[in-house]
């Protein structure tokens with residue numbers, strides 16, 4: 001039997017990962033925004049699948065499964081693609097290749113980031129049908145699961161893109177760290193010259209995030225698919241019709257059947273843990289900073305006021321300052337009354353208008 005703790009572990013991670021999303025949206029950091037959303041939907045899907053198929057393998061939600069398996073498949077490359085966008089940005093800033101850009105250049109940069117972090121997963125999912133042997137399958141305690149034919153085409157369209165994107169992200173991460181280390185003494189000036197919304201502390205947190213992806217998740221993925229690649233790369237792709245024979249059939253597996261396949265069970269458990277662990281790391285990087293804590297405090301105070309458990313703080317009333325201003329007027333030396341003209345003052349509070357007498 002698979003564990004019953006992971007689904008709730010995923011639900012809590014799903015909530016935590018949204019805490020720092022507001023700051024990422026304000027900073028317009030495409031990589032961290034898409035990574036937050038992917039981790040949110042990945043953990044939510046994990047929780048819903050596990051709860052809906054807690055003790056059954058019945059085909060009871062075909063529409064949901066169609067969406068769920070595509071989301072699961074997309075996440076294989078979506079998370080590394082978002083990390084690649086983050087690593088590219090960090091390397092560009094630290095190498096001083098990113099300077100104050102015009103509006104058109106900034107727009108172009110955002111489009112490129114979106115093509116990598118969103119366009120690439122969409123293309124990846126659209127090619128899923130080439131190797132898809134069934135609409136989906138159902139595994140008790142796991143939920144909907146994609147079933148793919150293993151061949152050299154699977155290596156080309158499924159395994160290789162993830163490895164390439166992950167490797168590119170690792171290269172950019174190393175380069176970003178190298179430039180950061182070279183320019184560490186004047187790095188605040190480097191950030192200022194790049195017109196970046198990042199400060200040094202946030203830059204370091206992003207750098208640590210990409211390093212964790214490079215040192216932890218990339219080796220795990222390589223290790224989990226290496227044996228499969230060795231077996232699949234020598235297997236021919238017979239034909240489209242052969243692969244899709246019986247496409248509408250929905251295979252259903254009980255938890256007891258999974259117990260008899262330890263290698264597949266290990267991959268299942270690993271796949272269920274990647275999103276929650278990634279979300280907790282993401283929260284540790286961005287959900288515990290000073291700006292995040294201030295945001296939590298503000299949100300809690302707002303909630304207490306809304307629930308009428310705390311009075312809303314009144315803004316201090318500004319006291320009006322009464323100024324005793326004098327207006328100086330001048331009289332001519334030769335006046336009809338023979339009065340020796342000399343400057344005299346009138347109180348500002350007197351409503352008599354100031355006049356200049358004719359000479």
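Note: Cβ is positioned from N, Cα and C throughout, glycine not excepted.
Marked as compositional bias 'Polar residues' by Swiss-Prot: 348-359.
Among the features that Swiss-Prot reports, region 'Disordered' is placed at 335-359.
Within its own chain, the transmembrane segment (5-25) has Cβ neighbours under 8 Å at 32-33, 36-37, 39-40, 43-44, 46-47, 50-51, 269, 272-273, 275-276, 279-280, 282-283, 286-287, 289, 291-292, 295-296, counting only residues six or more beyond its boundaries. The transmembrane segment annotation in Swiss-Prot covers 5-25 (among others).
Sequence annotations record features per position, and here Swiss-Prot assigns transmembrane segment to 33-53 (among others).
Feature annotation from Swiss-Prot assigns transmembrane segment to 71-87 (among others); the stated evidence is sequence analysis. Distant neighbours of the transmembrane segment (71-87): 29-32, 34-35, 38-39, 41-42, 45, 113, 116-117, 120-122, 124-125, 128, 144-146, 158, 161-162, 165-166, 168-170, 172-173, 176, 206, 209-210, 213, 217-218, 271, 274-275, 278; these residues of the same chain sit at least 6 beyond its ends, with a Cβ under 8 Å from one of its Cβ atoms.
The transmembrane segment annotation in Swiss-Prot covers 110-130 (among others).
Through the fold, the transmembrane segment (147-167) approaches residues 76-77, 80-81, 83-84, 120, 124, 127-128, 130-134, 136-137, 213, 217-218, 221-222, 225, 228-229, 231-237, 243, 251 of its own chain, all at least 6 residues removed from its boundaries and within a Cβ separation under 8 Å. Positions annotated as transmembrane segment by Swiss-Prot, on the basis of sequence analysis: 147-167 (among others).
Taken from Swiss-Prot, the feature transmembrane segment covers 206-226 (among others), and the record attributes it to sequence analysis.
Remote same-chain partners of the transmembrane segment (268-288), defined as residues 6 or more beyond its termini with a Cβ less than 8 Å from a stretch Cβ, comprise 2-3, 6, 9-10, 13-14, 16-17, 19-20, 23-24, 32, 35-36, 39-40, 42-43, 46, 50, 72, 75, 79, 139, 142, 205-206, 208-209, 212, 217, 220, 224, 258. The transmembrane segment annotation in Swiss-Prot covers 268-288 (among others).
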Using a Cβ cut-off under 8 Å, which residues of the same chain at least 6 positions beyond either end of the transmembrane segment (110-130) come close to it? 28, 30-31, 34-35, 70, 73-78, 81-82, 84-85, 88-89, 146, 148, 153, 157-158, 161, 165, 240, 243
